[in-house]
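S.K.: Annotations per TrEMBL:
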- 20-46: transmembrane segment (TRANSMEM)
- 27-468: domain 'Major facilitator superfamily (MFS) profile' (DOMAIN)
- 66-90: transmembrane segment (TRANSMEM)
- 102-127: transmembrane segment (TRANSMEM)
- 163-183: transmembrane segment (TRANSMEM)
- 284-304: transmembrane segment (TRANSMEM)
- 316-338: transmembrane segment (TRANSMEM)
- 345-364: transmembrane segment (TRANSMEM)
- 376-403: transmembrane segment (TRANSMEM)
- 415-433: transmembrane segment (TRANSMEM)
- 445-464: transmembrane segment (TRANSMEM)
Amino acid sequence: MNIVMADENFANFSRGQNHVNVYSIVVIGFIALSSAAYGYTAANIATTLTQPSFQEDMGLVDNPNASAITGTINGIYQAGAVFGAFLAGWMSDRFGRKFTAAVGNAVILVSGALLTGSVNPAMFIVFRFFNGLGSFLIQNSVPVWIAELAPPGIRGAVSDAHALLMLFGYCIASFVGLGFYFVPGENQWRGIVGIQMVLPTIILCGIYWMPESPRYLLSRDRTEEAWEIVKRLHTDKNDSGPHASATREFYQMRKQIELDIRFRTSYWGIFTNASLRKRAIMTVFLEFSIYSCGVLVILNYGSVVWASLGFDTVQILGFQVGFQSIGLITNALSMLWVDRVPRHWFISFGLGACAVLMAIEAALQSFYLGGTNRGGLIASATIIMLFQATFCAFLDGPTYFYITEIWPSYARSQGLALAMCTFALTNLMWLEAAPYAFEAIGWKFYTIFVVVPAIAAVIIIFTYHDTRHKPLEEIAALFGDAHQVAVYQQELDRKGITMEDMELEPRKENAGVQEVENVDERA
């Protein structure tokens, strides 16, 4: 069926797709705790490296190889992330989004315990690898899980819960790092690292009761379970009939999954199919561009960046708290407008603004780095804070939900795995280079983080698609794959499809949803 939808008509339709009930808020909130677990795990290293007790325990004080060890500690995490991303792509399709997230939390729990008990750099480095692997099992499964549970009209805002809770984890890590600095004793750093076990423990105790992605369940012929989840999550009190919105959404999901079974693919198949190859190129380019802004260099080497500006240890830890708190606030605010602005405009503005701010930062550091001009140093610190605010407001969310949106259900986990692999490899490259670059060329290192996002901003605004408000099942049409869209929500809405028309009433013999074949799908 080929139906061309005008944006203005779809906007009117999408207003009926904004239903969120208390149950769905609780579910998304609990699932996103895994994002917070990832955030704390990823960010606690920045404050751990600053702790004098860690420096002494790991033999980094006056060690000529300190930069190499620090670079390896950061880089090995990203190496584990690459393995975690690809493993999650397979696990999510084979065992489900929920199972993959649970395994990720379990790996963080175990590796966190062993990191806490590390007695030398080698042991710490080995378990940082597994820490990264577990973290990216979460990074790859949770955004897909949330997006596949969210209603289309506010999918951007709901999916942004992943980035928001991830930043919450970052923020907690910075507060914990500051607090533990004042704890006496030789093992203060172990408290910072050990706290990462708290959230995975809570999550593993409650994840059993969380609903699986209905799209995954449909792909496994678990139709009854999928219908119960959609009915409970997407029922709107303003529906024209019993479960009307949920009925239409479920019908579209089911028909799409039935069609998608014909298109299952492998990683190799992605690069031999034109439309999937286009998505892959878009995915890799977007992830590389976003994380070539320099945000994780500042996050992981915050102590080096702030120290280079002349601040002491307590001030550095305080700046880390401010840096993460600003990110949390601006990301929360972005949920108010993320579904009001075309996706490609949103991303391009963020990239361009980050490039401008990084250019200003490089210029300020070229004049004031190593000097005593307090005003210049404060200006440099302020620009870094503005950079974080901009990145979190415009780029942190799309890193996950835009990638999830552009991939069809039969390749979505593989697409996000490709994204997270690019994410990890990009950060591995910059994080390994950073300690040497800061020592060798100082502020000039920032010029890379100006050029790449500036070029990307121009390319993205002219070549990327706006996926805002569209059901996941309909986005294939934007890539020239209208034949892969089984049915359009707007068409169902226009025809006034009811529950009775689609025969979704449970039958006594199996108390589930049966065949729904009598809807005319012609344009």
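Quick reminder: no glycine exception, Cβ is built from N, Cα and C everywhere.
Set these features in their place in the structure for me.
M.R.: The average pLDDT computed for the domain 'Major facilitator superfamily (MFS) profile' (27-468) is 87.
Outside the transmembrane segment (102-127), and at least 6 residues removed from its termini, the chain residues within Cβ reach (under 8 Å) are 34, 37-38, 41, 57-59, 69, 72-73, 76, 84, 88, 91, 133-138, 141, 190, 193-194, 196-197, 199-201, 203-204, 207.
Tertiary neighbourhood of the transmembrane segment (415-433): same-chain residues 71-72, 74-75, 78-79, 81-82, 84-86, 88-90, 132, 136, 139-140, 143-144, 267, 270, 279-280, 283-284, 286-288, 291-292, 294, 296-297, 300-301, 399-400, 403-404, 406-407, 445, selected by CB-CB distance under 8 Å and a gap of 6+ residues from either end.
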S.K.: Please report, as numbers and ranges, the same-chain residues at least 6 past the borders of the transmembrane segment (345-364) whose CB is under 8 Å from any CB of it.
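M.R.: Here the qualifying positions are 286, 289-290, 293-295, 338, 376, 379-380, 383-384, 386-387, 390-391, 393-395, 398, 402, 443-444, 446-447, 449-451, 453-454, 456-458, 460-461, 464, 466.
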S.K.: Between the transmembrane segment (376-403) and the stretches 20-46, 66-90, 163-183, 445-464, work out which stretch tops the count of Cβ pairs under 8 Å.
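M.R.: Per the Cβ count, the answer is 163-183.
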S.K.: Output the single range from 20-46, 66-90, 445-464 maximising the number of Cβ pairs under 8 Å to the transmembrane segment (163-183).
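M.R.: Looking at each of 20-46, 66-90, 445-464 in turn, the most contacts to the transmembrane segment (163-183) are made by 20-46.
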S.K.: Six or more residues beyond either end and a Cβ under 8 Å away: which residues meet both conditions relative to the transmembrane segment (20-46)?
M.R.: 73-74, 77, 101, 104-105, 108, 112, 128, 131, 134-135, 138-139, 142, 145-146, 149-151, 154, 158, 161-174, 176-177, 192-193, 195-196, 199-200, 202-203, 206-207, 210-211, 232-237, 299-303, 320, 324
S.K.: Below 8 angstroms Cβ to Cβ, which residues of this chain, lying six or more residues outside the transmembrane segment (445-464), approach it?
M.R.: 282, 285-286, 288-290, 292-294, 297, 343-345, 347-349, 351-352, 354-355, 358-359, 361-362, 365, 433-434, 437-438
